[in-house]
Amino acid sequence: MKEEIFQTIGAHNGYYKRMNSPTPRRLNWLLTNEEIKMQEDDLALQTNEKKIFGRAFVTNYRLRFEGTDGTTVDVTLGSISKVEKKGYSNVNKDHYGIEVHCKDTRNIIFLHRPENHSRRPLYDHLQRYAFPNTNKMPFFATLYNQTFAFDGWALYNPKKEYQRMEVPTSLWDVTKINSNYEFSSTYPAYLMVPTSALHLGDGFLHSVGEFRSKKRIPILSWYDHNTTVSITRCAQPMVGVTSKKSSSDEKMLQCILDANRRNARLKILDARPLVNARVNRAKGGGYEDGYRNCDLVFLNIENIHVVRDSLKKVKDACFPKIDHKNFYKLIDESKWLYHLQTILHGARLCAQDVLIHRKSVLVHCSDGWDRTAQVTALAMLMIDPYYRTIEGFAVLIEKEWCSCGHKFAHRVGHGQDKHSDEERSPIFLQFIDCVWQLYNIFTPTFQFNVKLLKTILDELYACRFGTFLYNSEKERRDLDVKSTTVSLWSYVMEKRSEFENDIYDPTGQIDINFFQSNSPIMTKLWTEYYCRYNAQVLLQNDEEDTTLPSLSSGIMEVTSV
């Protein structure tokens, strides 16, 4: 081991002391209330090319490696999915160590000397602090009390957001039926429904709720005050194999249609493939078959399990080693870009109906918190330039993802050591990737830059802020998240200049021809994100075009019923 590896005399409150050093040195990389829990001085980081000797720190927020050659690796504990022991002490010591599997496509391998008996302490500390939920410990977000000038929790106010849209109370109004989350625990407290439905009373809304999964009734997402056209969202109807009907549910959809004075038909976009919807029907769910004045289209967006497997293939292609000969083939076979195209096409169909055909659109999938959020949020981003500003994008995420019950805790696996949990899926990552694809096409129309997108994803895993903790608005209220944690948007607004797009044009609009087209939206691999820990790919990206059309030609397929 090299002489530069230091022996720790003590480490407390952000200080460490080198042997024979008269005074302790401050570790200036520690965050507010971040504490060192252990330090290991005699280990090596295994990379593709070599072993890098150095030391590792485990804090209550991160795993950090400092190599004797100047290499630094930081891994937030929240981004760790699994910690695994590799090799045995009586076998080749070059294979004796720990492998850390990360949610951000990295796998990190540390090698230990068997005679030092240092593997067990590092493994135990990572198991304890990387999975606070499993170990009944607090998230770091509850300890991180950094102060910011801007209160990110105040950024999104549903009342102000609907006022910004100029929603008239004569057509849409707020119901208090879920003010204490007793009606639908996964929905926000503030629900906007057609005024005509509100006049029918709470009993009517309860009747509609009984016919929609998780009582997630149709609610307003976006409104165009110039045309009275709307985008609404909900969960699937509980039709079942007996083809049950609900006059209240049909009346609710008619109320949505009546609130649009420009078109006599309602477009229903079911985000699922038709075959999946039929399977759900056998389980008690289903779709709106035969509703009057409604046109039903299936967008063929795949479920959480298909998406999870697809991302794994992307990860395997990007890290740790690159098969240069087959790299693009492997990415194409992952179908990741195809899935993005399908989502983007569905969102564009929604925007197309709203902007060109003046049709109101109702979007749902099964429970209405995964694919539904992808479609509504992307359509709103395409249509409304406000959501392409820094503030507006934060509002969009708070509105369509956080408040409407996307299950961040389950989909990301916050604080849980269940690496193979079937509930995990990169649904929100898909959304951010789709935003990146649009950013590439219409860059001047976005006030924010790519750094904001990467920061949002990093903080999604890190659990430094409370924004993405837990599964619903109700859970965050019950656990007092706004009082005990800092909002991500406090940080973003304070660092605003870092996230600004230098070529932003506030008057820029997305070309109307984009909405009129039915051809596939060209997608490319976001190597800056998926391959940022692999220099080989980034160098290759500088020299080659990484646009990978997942469909050779033709028109994106949807299924009309």
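Cβ atoms here come from the backbone N, Cα and C positions, even for glycine.
Record features, source TrEMBL:
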ACT_SITE  CYS365  active site, phosphocysteine intermediate
BINDING   ASN280, ARG281, ALA282, LYS283, ASN303, ILE304, CYS365, SER366, ASP367, GLY368, TRP369, ASP370, ARG371  substrate binding site
DOMAIN    152-530  domain 'Myotubularin phosphatase'
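Secondary structure at ASN303 (substrate binding site), as computed by DSSP, is coil. Other Cβ atoms within 10 Å of the Cβ of ASP367 (substrate binding site), summed over all protein chains shown, number 20. All protein chains included, TRP369 (substrate binding site) registers 26 other Cβ atoms within 10 Å of its own Cβ. Cα of ALA282 (substrate binding site) to Cα of CYS365 (active site, phosphocysteine intermediate): a distance of 15 Å. Comparing ASN280 (substrate binding site) with CYS365 (active site, phosphocysteine intermediate), their Cα atoms are 10 Å apart once rounded. On the 0 to 100 pLDDT scale, the domain 'Myotubularin phosphatase' (152-530) averages 97 in this prediction. Cα of ASN303 (substrate binding site) to Cα of CYS365 (active site, phosphocysteine intermediate): a span of 9 Å. Within the same chain, residues at least six positions away from ARG371 (substrate binding site) with a Cβ under 8 Å of its Cβ are ALA271, ARG272, LEU299, ILE301, ILE343, CYS365, ILE427.
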